[in-house]
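Feature list (source: TrEMBL):
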{"type": "REGION", "residues": "1-23", "note": "region 'Disordered'"}
{"type": "DOMAIN", "residues": "171-256", "note": "domain 'Ubiquitin/SUMO-activating enzyme ubiquitin-like'"}
{"type": "DOMAIN", "residues": "268-297", "note": "domain 'SUMO-activating enzyme subunit 2 C-terminal'"}
{"type": "REGION", "residues": "268-304", "note": "region 'Disordered'"}
{"type": "COMPBIAS", "residues": "269-282", "note": "compositional bias 'Basic and acidic residues'"}
{"type": "COMPBIAS", "residues": "284-304", "note": "compositional bias 'Polar residues'"}
């Protein structure tokens, strides 16, 4: 989860927020760039990259307080503090370097590492031979002549609202008892992990039920869902601008919920990925080619 850098409200410094807001108003639109493009535009500046990944993004995640009820929250890191700690560690390492016999390798010495690998392989052969159970080490050539052999990716999680082919869910509740505030805090934010949701009723009018703008729809909070014409079979569309995600919520009206149960998510949520899609996803690999993943070229086998 990463903040939308184009969102003026996501800026931590007031001056930055003011500049971004002014630019977006002048352009009439907000231009978004991916993290990769942003990193490239900074010339891969280590200070800026570190600050974004380990400070700004962490501070953003801390705003999602629902994530930290049962786990320890992360701690933002400051570049200057980490550098000062690194200097102390380097000073300690330099004092102990003769004792440890370690060397700081800034350039990979291929020849020495190849020799080390060869010695390690021979040592492994000796250990396998000493076991005497017929196990031996076999080195196979790399048939595809690739230095790095990619691995198969895991298929999309069928129970994830982000990975789903159709981000849609059905919620069972009593529309005459559940309030808009309960829908916002307990269902949309807590259950579906949205940060700043905008929720509208799909009634052909685009009625805004919940707005991410502070104070805009607070008057709706104590009202019951039925007061807005929501009934069995009604649909809502929830959009989270900060996370760039959309979820369709179908309502199933029921008066037979258990004691102290305000709502229930019905069925497999969301729709599961079909076998064909899962199979295609499993064949996908990190470098984008159609080659399937191959086992390691170094393995042991038991003689028969």
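Including glycine, each Cβ sits where the backbone N, Cα and C put it.
Summarised by DSSP class, the composition of the domain 'Ubiquitin/SUMO-activating enzyme ubiquitin-like' (171-256) is 19 helix, 29 strand, 38 coil. Confidence across the domain 'SUMO-activating enzyme subunit 2 C-terminal' (268-297), taken as the mean pLDDT and rounded to a whole number, stands at 45.
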